[in-house]
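Just below is one structure, and these are the notes that go with it.
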Amino acid sequence: MLLLAAAFLVAFVLLLYMVSPLISPKPLALPGAHVVVTGGSSGIGKCIAIECYKQGAFITLVARNEDKLLQAKKEIEMHSINDKQVVLCISVDVSQDYNQVENVIKQAQEKLGPVDMLVNCAGMAVSGKFEDLEVSTFERLMSINYLGSVYPSRAVITTMKERRVGRIVFVSSQAGQLGLFGFTAYSASKFAIRGLAEALQMEVKPYNVYITVAYPPDTDTPGFAEENRTKPLETRLISETTSVCKPEQVAKQIVKDAIQGNFNSSLGSDGYMLSALTCGMAPVTSITEGLQQVVTMGLFRTIALFYLGSFDSIVRRCMMQREKSENADKTA
């Protein structure tokens, strides 16, 4: 009886693996596709643009700094695979005025055709203890990280639905999967992206438009270097429990997942564990993905509890050291 049950289980799992590709999205062909990348003048955004360009895409780079845009354009053009490819640069703040963003997208589509893939990579990080952060910092991060993704997505979605094809990528962060000391403003803005993406995916899936939410770890970018300048000790020590990734690695994974239409995009074993742990009611791209989440949930939750204990220990040690230092100063 046990052998029969085991045989049935194995057959069922094999059937899932065979059927899964049949219900998964058809991969997006990048050769000749029009890819718009916001925040594309540096860091992960620039590397994503390069990765897409290597595969034959036409690129529209969107960022605020025109000089950085032109420099990024030169770097990207070095990776062309044919002489027909184009890199278009548009300088605009995607978080300030929706009408301006909409006009910019229209200009890009008039020159390079309908947008096949939008990558929302514009963003910034500011860390600090909750009571030390200015209220304006919370407003600024929500504007840049959240509305800066809403506006471009809203500008392309109608055309994508009409054409019955498209990909929209939201670049969140592992801090958009779990809240960490010092990230009360940043994490909130990145968690918001997850809610937007889940709701939007349910709306556009019948139109063959697929959403990808990327959760990159700490990545060696100019933005990360700037973030480290003001990072609290607790935040820095917690961050140092994992390694820093290269932007090229992150970009390759994001582009791969976006092409496949995967809802989640993560990197490494920690990223895989976090995505499985925090899947909740998020959509799955394949039956096997859902099965893996069900099977691994218990184990990953156990591991996560040890991580949380370690993080809490770091915070307590820092607090004790700070209080000891303050008491020493008072008695000096």
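Using N, Cα and C of the backbone, Cβ positions are placed for all residues, glycine too.
Swiss-Prot annotations:
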type	residues	note
TOPO_DOM	26-270	topological domain 'Cytoplasmic'
BINDING	GLY39, SER41, SER42, GLY43, ARG64, LYS68, ASP93	NADPH binding site
BINDING	TYR186, LYS190	NADP(+) binding site
ACT_SITE	LYS190	active site, lowers pKa of active site Tyr
TOPO_DOM	315-332	topological domain 'Cytoplasmic'
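Sequence features annotated in Swiss-Prot and their locations in the structure.
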residue: GLY39; record: NADPH binding site; Cβ neighbours (10 Å): 27
residue: SER41; record: NADPH binding site; Cβ neighbours (10 Å): 28
residue: SER42; record: NADPH binding site; Cβ neighbours (10 Å): 19
residue: GLY43; record: NADPH binding site; Cβ neighbours (10 Å): 24
residue: ARG64; record: NADPH binding site; Cβ neighbours (10 Å): 16
residue: LYS68; record: NADPH binding site; Cβ neighbours (10 Å): 18
residue: ASP93; record: NADPH binding site; Cβ neighbours (10 Å): 16
residue: TYR186; record: NADP(+) binding site; Cβ neighbours (10 Å): 27
residue: LYS190; record: NADP(+) binding site; Cβ neighbours (10 Å): 25
The topological domain 'Cytoplasmic' (315-332) [mean pLDDT, rounded to integer]: 83
Tally of DSSP helical, extended and coil residues in the topological domain 'Cytoplasmic' (315-332): 17 helix, 0 strand, 1 coil
Same-chain residue ranges lying at least 6 outside the topological domain 'Cytoplasmic' (315-332) that approach it to Cβ under 8 Å: 181, 233-234, 237
Euclidean distance between Cα atoms of LYS190 (NADP(+) binding site) and ASP93 (NADPH binding site), Å: 18
Greatest inter-residue Cα distance in Å for the NADPH-binding set GLY39, SER41, SER42, GLY43, ARG64, LYS68, ASP93: 17
